[in-house]
Every structure is written in structure tokens, then in C-alpha cells.
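Features of the protein shown, as given by TrEMBL:
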- C64, H352, E396, D427: Mn(2+) binding site (BINDING)
- R103, K287, R318: phosphoenolpyruvate binding site (BINDING)
Amino acid sequence: MNESWRQRTVAQNVNYPDEEQLNSVVDQLKTLPGLVSHVEIERLREQLAKAADGKAFLLQCGDCAELFSYCNPAQIEAKLKLMLIMSLVIIYGARMPVVRVGRIAGQYAKPRSKPTEIVDTPEGKREVLSFRGDNVNGIALDERQPDPQRLLLAYFYSAATLNYIRSTLASGFADLHAPHLWSFQHVRSERLQAEFERIADAITDSLDFIRTVGADPTGDSNVLNTVDYFTSHEGLMLEYESALTRETPAGVYDLSAHTVWLGDRTRQLDGAHVEFVRGIRNPIGIKVGPSMEPMELVAVLDRVNPTYEKGRVVLISRYGAAKIEALLPGHIRAVNSSPHAGTVVWCCDPMHGNTIQSETHAGLKTRLFSNIVTELVAALRIHAAEGSRLGGVHLELTGDVGVTECMGGSMQLSDSDLARNYQSHCDPRLNYEQSLDIAFILSEVIRAQRLGRTDDASAVLINALGHE
Ligand code: PEP
Ligand code: CO
């Protein structure tokens with residue numbers, strides 16, 4: 001099963017000039033230990049099954065294209081801290097556990113709309129291969145030829161990143177007894193500062209109360225001292241994914257990450273990517289864009305999850321603010337009239353359908369905060385109206401301070417601000433404050449829904465858009 005994908009068409013295929021070199025890299029990858037364990041993967045499946053039941057909420061986020069150079073303590077910690085704070089804010093509003101899944105420790109490969117691009121060089125315009133992510137080729141113009149050694153580098157950078165995440169969490173980074181220590185100093189918005197203070201105070205107060213009545217939560221359990229944290233990436237490079245797939249007594253697992261997803265460009269029913277994920281027990285994300293027909297969605301689910309296991313599939317919808325109203329209800333109804341009803345986690349990716357070109361900076365891609373919020377809030381509302389539920393959110397963000405890639409949010413970035421600190425080589429990410437804005441909005445809307453206050457949910461949206 002693990003190799004049957006080779007008989008299918010591989011969308012977004014990478015052509016390596018030297019096949020022997022590729023085979024030698026794949027052989028080495030096959031001997032290396034998995035980056036995650038099948039026990040952890042099963043734990044994620046259980047938590048996602050809860051999300052499918054509306055008893056947990058998935059927070060999946062990180063870079064669009066992670067780079068090898070992001071593997072340093074400062075950038076890893078920044079992303080981890082941001083996700084911890086966001087998850088706390090969501091837990092507070094939703095009163096549900098949050099399942100944290102980073103687009104990290106392996107999110108190195110990118111699908112591209114065009115295999116080549118035209119670039120300006122001192123000698124004039126030149127056509128070069130597109131950058132496909134650090135595990136395929138380099139951004140520098142003289143590194144655009146795919147190099148299989150990069151697959152091996154990707155493994156070791158993933159291992160180093162994951163090791164740092166694990167040791168940081170094991171050392172008390174996520175200790176809930178001191179949420180105030182998750183420094184908020186560089187957040188410029190006083191409103192965000194005050195809102196987080198309020199939540200941190202409430203948590204400290206509740207823990208005090210529990211201790212006072214004699215139910216000391218610190219006891220033997222470490223539930224308050226650390227958290228589960230899972231990794232994910234797009235399962236694009238099948239040579240890499242299959243080389244890290246292992247047969248265990250519990251089944252076949254891709255041990256490159258806890259979960260991988262199929263991109264909107266690699267989810268063809270008869271394609272190699274669907275064939276590959278069919279054979280592994282990891283939870284699988286499937287991007288659902290405007291071109292997905294409702295019955296095609298059910299056919300993909302039949303292929304990937306023929307036994308209707310809960311927590312196996314996360315449907316990551318990404319239509320764009322202008323299209324979600326017309327498309328999401330049809331997809332929900334198709335799934336709900338099939339045996340897959342109730343088994344999937346519906347996750348909203350409000351990023352990938354909302355990418356536009358900057359008006360003032362030629363060649364820069366951006367996203368409007370208002371479109372991101374509008375799609376997210378619409379997803380919450382539509383699911384509720386269809387008797388379904390939104391079980392998660394999928395975001396592209398960075399923990400690095402002062403990045404200017406998306407417009408709007410409480411920092412009110414405009415098109416002319418974009419060039420100030422635009423770092424991404426791929427899609428525009430939410431910066432630190434915009435990510436917190438999203439977490440607070442999400443938290444408030446879920447809270448309003450939970451309490452049956454639909455008017456409050458609309459008010460949150462109007463208020464959020466008022467910041468533009
Ligand atoms: C992505 O998640 O970075 C991506 C390329 O998304 P999509 O496949 O939905 O376009
Ligand atoms: Co992206």
C-alpha cells in the first residue's frame with residue numbers, strides 16, 4: 001500500500017535531475033527513526049474525534065512556507081508562545097480543550113501555480129524555476145535546481161525544531177500557574193493587553209479557588225504544567241513521506257509528523273496523494289476549495305476513510321469571504337447526507353481564499369484582515385445554521401514581531417505599510433497582534449454561540465470590522 005501511489009499521477013511533481021541521488025537519499029531516510037511516535041498520532045486521533053463531536057477545538061497554525069533558517073530558539077519560542085496564548089484565549093471563550101497543531105517542524109514544501117517565474121536580474125529578465133520550498137530548492141536564483149539532499153536536511157531541521165519544542169514544553173514553558181509570564185510586553189495594543197490580563201487573572205483566580213477548597217490541581221497530574229502539541233505539514237513530497245512511513249504492530253503510520261494535509265492542488269480522487277494517505281493511520285487534512293464539487297468531496301472521503309472513523313479526516317475549507325456563503329452549505333449537506341456525517345472535523349482556513357495582490361507594491365501578495373474575519377465568522381454561523389459545527393481554524397501566522405504582510409487588524413496596517421517588514425517568500429501571514437485579534441474574536445463569537453446570544457456574535461463582527 002505504501003508504494004501504490006507510484007502508479008498514480010503525482011500532481012505538483014518535482015523532477016530531480018539525478019535519480020540515483022534521490023534514491024540514495026530515500027534509502028537513508030528509510031533507516032532513520034520516525035520524528036513522532038504512533039502513540040502520539042493515536043492521541044491526536046482521539047482528540048480530533050472529540051473535535052468532531054464538538055467537545056474540542058482544533059487550532060492549526062504556523063508559517064505558509066517554513067524555512068530551514070527559522071530553526072532557532074527565538075523564532076520557535078515566539079511561535080509556540082503565540083499559539084499557547086491563542087489557545088488559552090479560545091479555551092476561555094469556548095470552554096473546550098484546544099488541540100494545538102503547528103504548521104511547523106516540516107512545513108517546507110510548497111505547491112506552486114506556475115513551475116517557472118520571470119525574475120529581474122542585472123542582465124535583464126530571466127525565467128527560472130519557481131521556489132518550491134526549502135526541502136526542494138533554494139530561494140537564491142542559483143539554487144533553483146531541485147536537490148534531493150534537501151530532503152535529508154528537511155528531516156534534520158524538523159528533528160531539531162521538534163526537539164526544541166519538546167524540551168521547551170517539558171521545561172515548564174506552558175505552565176498554567178503563571179500565564180502572566182508569557183510576556184505580552186511587545187503587544188502595542190492596550191486593548192489586547194487588557195483583554196489578555198483579564199483572562200490570565202481569571203485563570204489564576206480559578207486555580208486559587210480550587211486550591212482553597214482543597215482540590216489542589218497540581219497533585220500528581222501535570223495537566224496544568226504542560227500541554228500536548230502536535231506537528232503538521234502539507235504531505236506534498238511523497239518520496240519523503242513514504243520514506244518515513246513505518247509499519248508498526250498498531251498499523252502503518254507516516255512518522256514525519258502527527259498529521260499531514262492534502263492541498264487544494266493535490267487532492268485529486270485518482271491522484272497519487274490521495275492514494276498515499278489512504279494507506280496511513282495518521283489523521284488527514286483535506287483542503288476544500290471552490291473547485292471541489294460536493295459529490296466529489298464525498299467520493300474523496302469514501303476513498304480516504306472507507307470505514308467512517310471519527311477523527312480520521314479534517315476538512316479544511318478555504319473559499320474566500322466572497323464565496324463561503326454560496327459554497328459551504330452545499331459541502332456540509334453533502335457530507336451530512338452521507339455515512340461520513342458526524343465523523344469529520346470541519347476546520348476553517350480563512351487565509352487561502354483571500355489572497356490578493358498589493359495595489360502599491362508590485363509582486364507582493366497580501367490579505368485583508370476584514371476578509372479573514374468575515375470568512376471565519378461566516379463559517380461559525382453557517383455551520384450552526386446547518387446543524388453542523390465548526391471544529392477548528394487553520395491560520396498562516398508568524399510569532400515574529402512587527403511583520404507587515406496582511407492589512408488591517410488592531411494595528412491598522414495599510415497597503416503602503418506592507419514593504420516595511422514583509423518577510424514571507426510565499427503567502428502573507430498574520431503578525432503577532434493580528435493573530436491575537438483573531439483569537440479574541442473567535443473566542444467571543446464561540447462564547448456568544450455557546451450562550452445562545454446570536455446578536456452578540458454579529459456585534460463582535462461589526463466591532464472587529466470597525467477597527468479597519
Ligand atoms: C497552504 O496551506 O499553504 C496552501 C498552499 O493551501 P491550499 O492548498 O489550500 O491552497
Ligand atoms: Co499558504
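Cβ atoms are placed via backbone N, Cα and C, with glycine included.
Annotations in TrEMBL come from automatic prediction, not curation.
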Cα separation, D427 (Mn(2+) binding site) to R318 (phosphoenolpyruvate binding site) (Å, whole number): 14
Phosphoenolpyruvate site shell beyond R103, K287, R318, criterion: Cβ within 8 Å of Cβ centroid: E234, W261, G263, D264, G285, I316, D349, M351, H352, H394
In the chain carrying E396 (Mn(2+) binding site), residues 6 or more apart in sequence that have Cβ under 8 angstroms from it: C61, G62, D63, C64, R103, M351, D427, P428, R429, L430
CB-centroid shell, 8 A cutoff, Mn(2+) site C64, H352, E396, D427, site residues removed: M351, T355, C426, P428, R429
Alpha-carbon distance [K287 (phosphoenolpyruvate binding site); H352 (Mn(2+) binding site)] in Å: 10
Cβ atoms near R318 (phosphoenolpyruvate binding site) (within 10 Å, other residues, all chains): 23
Count of other CB atoms lying within 10 Å of the CB belonging to K287 (phosphoenolpyruvate binding site): 22
